[in-house]
């Protein structure tokens with residue numbers, strides 16, 4: 001059974017009559033198959049989840065949490081945790097249902113789907129805009145005072161959240177027909193529904209808006225790279241911060257290129273033929289996997305490019321070693337005395 005809606009057109013050429021199958025691309029169906037992450041994606045999500053717990057514990061140390069760049073990285077770290085956990089929860093819910101059909105799910109699972117999709121899009125946009133903010137501050141050497149920085153960050157977070165809440169509020173959960181194949185889990189079937197015209201309009205707006213951060217990331221990366229070369233030539237020793245922000249910018253620039261490749265395929269190459277649509281779904285699965293792998297690198301960028309971060313890691317490891325050594329020293333020793341038959345103590 002095809003995952004796409006099918007129209008049949010009859011065409012005559014020479015003396016042969018044949019039927020040409022044209023498939024309407026169903027974005028809701030395709031979203032399901034894209035969300036069925038690859039094994040690599042799940043593996044990196046598990047690794048990234050536990051790595052970012054360690055990353056979060058380091059970033060919230062007193063020596064780091066007073067610096068604005070690390071405050072932003074705390075938000076990015078939490079965003080990555082939401083991305084990783086969303087992937088794992090989505091695939092776990094599909095696993096316990098055990099159904100070959102994509103839309104019919106229990107009501108609670110559809111709620112989880114909405115929460116995962118809205119939260120992942122929100123944190124992804126938030127992280128992208130915050131790194132652009134860091135890049136702008138680095139390029140123009142701006143020093144913004146404490147309350148203004150917080151207001152800017154909360155303002156960006158509020159806008160990203162409000163946009164996604166408004167968008168996903170247009171989804172409704174309706175009763176669905178059973179697909180005819182018995183799943184592993186018995187449940188009353190529900191599915192997500194949204195107006196197709198609204199979905200198409202919002203997608204077009206999203207794709208157009210995506211070009212803005214894509215352009216800004218390319219410009220900011222080029223400017224920072226030029227600044228880094230100037231600093232290296234002067235040998236001023238002030239290149240640590242520039243390299244750190246540059247590598248963060250590069251990491252998110254890669255994510256923008258991955259998203260841009262998907263948008264380009266969608267608008268320029270996606271045709272009403274099954275094989276091309278299959279390639280598009282596979283491209284999106286690969287893009288999601290590469291994005292997950294890219295998120296894992298954020299912790300390693302901090303380790304390799306920030307001396308403050310590595311100093312904090314070393315202090316934490318030393319403290320744990322000292323605590324273990326002190327715990328061993330504080331263990332009371334037990335002396336055994338053996339009394340002989342003559343009353344002497346051995």
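Including glycine, each Cβ sits where the backbone N, Cα and C put it.
Heads up, TrEMBL stuff is auto-annotated, nobody curated it.
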If TrEMBL is the reference, give me the range from 244-265, 310-331 marked as transmembrane segment.
-> 244-265
Students should find that the transmembrane segment stretch in TrEMBL, chosen from 6-27, 72-93, is 72-93
Hey, which bits of the same chain come close to the transmembrane segment (42-60), Cβ under 8 Å, at least six residues off its ends?
-> 70, 73-74, 77-78, 80-81, 83-85, 87-88, 91, 289, 292-293, 295-296, 298-299, 302, 309, 312-313, 316
